[in-house]
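Record features (TrEMBL):
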type	residues	note
DOMAIN	82-418	domain 'Protein kinase'
BINDING	K111	ATP binding site
COMPBIAS	180-213	compositional bias 'Low complexity'
COMPBIAS	1050-1059	compositional bias 'Basic and acidic residues'
REPEAT	1142-1177	repeat 'WD'
REPEAT	1185-1219	repeat 'WD'
Amino acid sequence: MVRRIETDPVDRDERLGEAVEAYLTLAEEGTPPDPEEFAARYPDLGEDLRAALEGLAMIRGLVGEPSGPGNRLESGRRIAGYRIVRELGRGGMGTVYEAVHVGLDRPVALKVLGTHATPDSTGRRRFLNEARTAAGLHHTHIVPVFDVGQVGGLCYYAMQRIEGSGLDQVLRHLRRDRSVAAGSSTGGTTPASRTRATTTTTTTATTGPAARGVGDDTVTWMGQSGELGGGRAFGRDRDDDEPPPYDPPVGSAYYRWVAEVGREAAEALAHAHRRGVIHRDVKPSNLLVDARGIVWVADFGLARRLADPGLTHHDSLLGTPRYMSPEQARTGPIDGRTDVYSLGATLYELLTLRPPFEGQTAAELVEQIRDRDPASPRQFDRRIPRDLETIVLKALAKRQADRYASALELAEDLERFLHHEPVRARRISLLGRAWRYARRHPGGTAITTVATATVIAVATMAYVRIIYDRDLAREEQRKTGIANSKTLVAMREVQASNRKLQAEMRERYLSEATVVRHSKLPNLRAKGLDLLSKAAALDPDPELKVKLRNEAVEFLVLRDVEARPEFATGASRGIAFGPEGARLAALSENGEEFSLWDVANRTRLARHRLDTPQAEPSATTANAGRPANPTRLRGHSAGLAVAGDCVIASLPDGKGLRLFDLATGTPIRDWETADRRIFSLFAAPGGQRLVTTELTTIDTGARDLSSRGEMPRLEFQIRLYDLSSIGKPIATLASWKASFPPRDDSLIAISPDGETIATSRSRETTVSLWSADNGTALGEPFDAQAELTALALGPDGLLAVAGGTQIRFWEIDSRTQLPPLSPYQGYIRQLRFNPNGTLLAAAGAPGSGVEIWDPASHTALAVLTVPNLVADLAFSADGHTLAAASSTASTSVWAVVDPLVRSQINSLDTLPTSLAFGSDQRLAIGSAKGTIRVWNPGHCPSTTQQVKADPPPGAVGDYVQGDRATTLIFNEKDRLIAVDPEAIPSHHHGARRSPPRMYPSPVASAKQGQTLFVARGHQIMVWNSPAEPQRWSSLEIPRPRTSGLLANSDRARREREPDPWRQLAANSTGDRLYLLDFHSIHAVALDGGRARNLEWHLPDDANRLSLSPDGKTLAVGDKEGNVYLVDTARGTIRTRLPLPSSESEKQPIWALAFSPDGQELAVGLQQGHIDLWSLNNPTAPLLRLTGHRGFISTLAYDPKGRFFASTGSDKLVDIWDLDHVRSELGRLGLNW
């Protein structure tokens, strides 16, 4: 038999205390055992220990369960398909982690039940009930649940991660603001009069509820990471002293915000109630507010489904006592009105910054909730709207029947308050309060009740009489207040309407400006900038101001086309500018009249008839008796040309030419041909060569050319003449047979320098090239791959041919075809380059007008209206004025105005690889072939000069410069240095030179050019001895240990042969060096010729770096388009520049550059754009510079910060005048 062991009561109590203490120790360590399993370890204590543990569980339910480190899941651990990032919060029903769904790469908030919960424990059942309940609710203001499950003994569910905070944190900071304001102000004590605290001191919050309670563990929000919202890797956890992301408004707007919070929460609860779910734990910490102020209802851990089988409508004491309803405190039946009460308690606390009831113990608090009415919120602050107070007090009614019948009714009443409509809630009279009190306390005697009722009745009569007169006055005040409110509402509506109208007008102006810019009409710049100026005057927000600024820059860089006064030449078939651009010659449409015009004054200097002999024939005149109406011949050209200091015009019958003085228009002489007719003539304005198309053989006997009969034999010839001996041709370039009637179909073009001639025939495909010096062929004719209709020769051997629906370009030296362009007109019969080749004019069918193109960028500058057929086109000598002759009464003229804010160099023969500014703002441009050109700001904005640079210090004697890319720098004496490792003595190999490189070696300078760092492969050479220029030393750079993530073969290769250095940067003192290879950035400190690796955690996949002039900030661009700013004093990332929302694809950063003052950072993007950032406020780019058609490879500021240069894969060099950009933007009201 089993003998009962008798235990002394004192010993039994001590043993029970030891067992409880052991249980609490395990719980504090985060590993609380199951109560039943723990009680089984002490069989002699039996039911006493179980009762004690149940009491502990009830205490934890009231004050919150501590969480120890034992339950924490380490970062990187995976649960089901989720990877843990970090812990966000803990509570009584689990721990919430920031996690990422591995398969979808979606950030979530993952709630995990502790590992101590047994499969049949109440905590696990409640946890899974919470997950199932929340997962079944889909509403705008309910935190959605994505997934729920169990794995490895852990229960979990995944929720949407909300960027925000709980209302409890908002309340803490509102109380803190109130306590700060109380020290310096005697104003109100509510949020309406609070003063925002700007200090970061950790002020203790005012008295109020505990920071966390039962169920207060669903922390589904995450704070911003980093100073500017940098990446997760550089974030920091939000603490209680940090302000919440959403800052509520102040003043009267605060009370409307409270009403809005209540309305959104009530709508969410009404949605849950309709689906049979009661939350049962509504409180501030379970109402999350995101950064936009939107409310989310969370934590359905205590929720219950009314339709669940086996559940009664009575509950144990569950929920947070401070916000539980009276029926919860009485453990009576509950329904949706329980949540209405808890929400009312939350709104009460938001209005007054204090809870409805406060007690020293849980029992005292429960008693107050059951038996006492809350104080009127207006007792604490008279500015709380009376209707809002009435709504909140109705929600807090003791009896369920006196509250709102549903959460939806509460939401609707709050909606009426927000719309300034009468609310349906009514204030409770004094008698009504007494009756309700009597019903709650039925234990009083009948005498006491009757006496109390009598006293109340008498007092009520007196009170009613006193209050009657007061109410009359208040009614008048109310009516006045309503009228004032209506007036205020009307004023606000007018203001809102004005703001909306202004916003629409701003957007309309911006849209119209964009349309104008993409049109091809003249005078675009003035029209577009005027629209943007109007938009800027309407007070745009910062985001729109950036858009306006970028659009303004697009207009400022336009090569605008402006209409100029016309020349009253009458209908013309030919026009030509003089070499200096001061004169314009015109030939009438019938070829019988020549006129000369002063360009500046638009006045006619001379006019001569060509169908009569000159007044005083020269000795060379062969026939003075020309008939008055001869047979007129017309060729494919205009019949007019300017060469040197004279104008040549063809005579109407084609039997000669007349020469005029270009300055005065005076006839010089006639040159007549007895046996041939001249159809066309061409010349270069500054040259002495003349090219004609002549009809040389006419076998007509006595018949006139106009007679009809037997067809004669005809031969056309293209001849080359020298104007000094025009009677004898230098050469016959081409000839062909033609039938009668004669029709000249020759196509001829002369290069602007007068050295090259191109010939072809209409509808043929071959082009022949000739030397203008002696008429010899320049190579074989080549196939232009189109049936030609027009030719034009530009500078530097550029040929344009029109045929079909395209204009094709050729490099005539190499016979290489360049990308074509497609004109708006299908048929082109006139093509003209301007003298410097930066513009191409085209004209075709009648009425189709004139197109002006940029041949370098293949962009149309303008499509100009000319009503009739364009007979001839002519550019002025400076290339900025275009004239068009037609059958109208005047000659049209346009000016092409280059932008003042940007110069563009597009004449480089190879890829630019290096840019460097001197102190005098000269820009040196190095190329992949080793050539060096210099741009001077005082010269023509698009021209450069080829120069030679000095070799690096101590260059070897047999070093030859010019066959490889070099890095250009200006030394302390402003001498241009071309740095090439081949020239360094210790690395020169005599005749054995390394193969030419396309990109230069990285170079960094320090100590005002007294120290140079040069990279060659993985080696670094250092020069810091001006007294000994031959002395170069090698610097050994320690490499960090090879990453374990690399494959064995890659790791072995990198250990044998380190990656070459791609970029270097050094601070001004030369004691800090930053190096970039193909994988990462290395920061090293230099001391006595030795390098020490600084163990900094810098971004991976770095692609470019740049160091600020003061050396305090290192900019790092990676391969995904991110730019990080690194504090070089601490070796930590200071911030990340936010990517523009329009950049959808991640592209590498290829170029970075700091301004000389270090206040701005230029970022070159893959798409050919350059963003300028202000480092004082790097929330968005200041403006965007455009113009390149490929990725940006190199950026440079001049030492004074006025000019900024860029180049890239398109062989263009853009030079921006930033001072002029700022001035123009300031004039438009778009400065920064």
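Placed from the backbone N, Cα and C atoms, the Cβ positions cover glycine too.
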Confidence summary (mean pLDDT) of the repeat 'WD' (1185-1219): 93
For the repeat 'WD' (1185-1219), sequence-distant contacts whose Cβ falls under 8 Å of one of its Cβ atoms, 6 or more beyond its ends: 553-554, 557, 856-857, 900-906, 908, 910-919, 921, 923, 925, 935, 937, 941, 1147-1148, 1150-1157, 1162, 1164-1172
Residues in the repeat 'WD' (1185-1219) grouped by DSSP into helix, strand and remaining coil: 2 helix, 18 strand, 15 coil
DSSP-derived class (H/G/I helix, E/B strand, else coil) of the residue listed as 'ATP binding site': strand
Within the repeat 'WD' (1142-1177), residues counted as helix, strand or coil by DSSP: 0 helix, 14 strand, 22 coil
Other CB atoms, at most 10 A from the CB of K111 (ATP binding site): 32
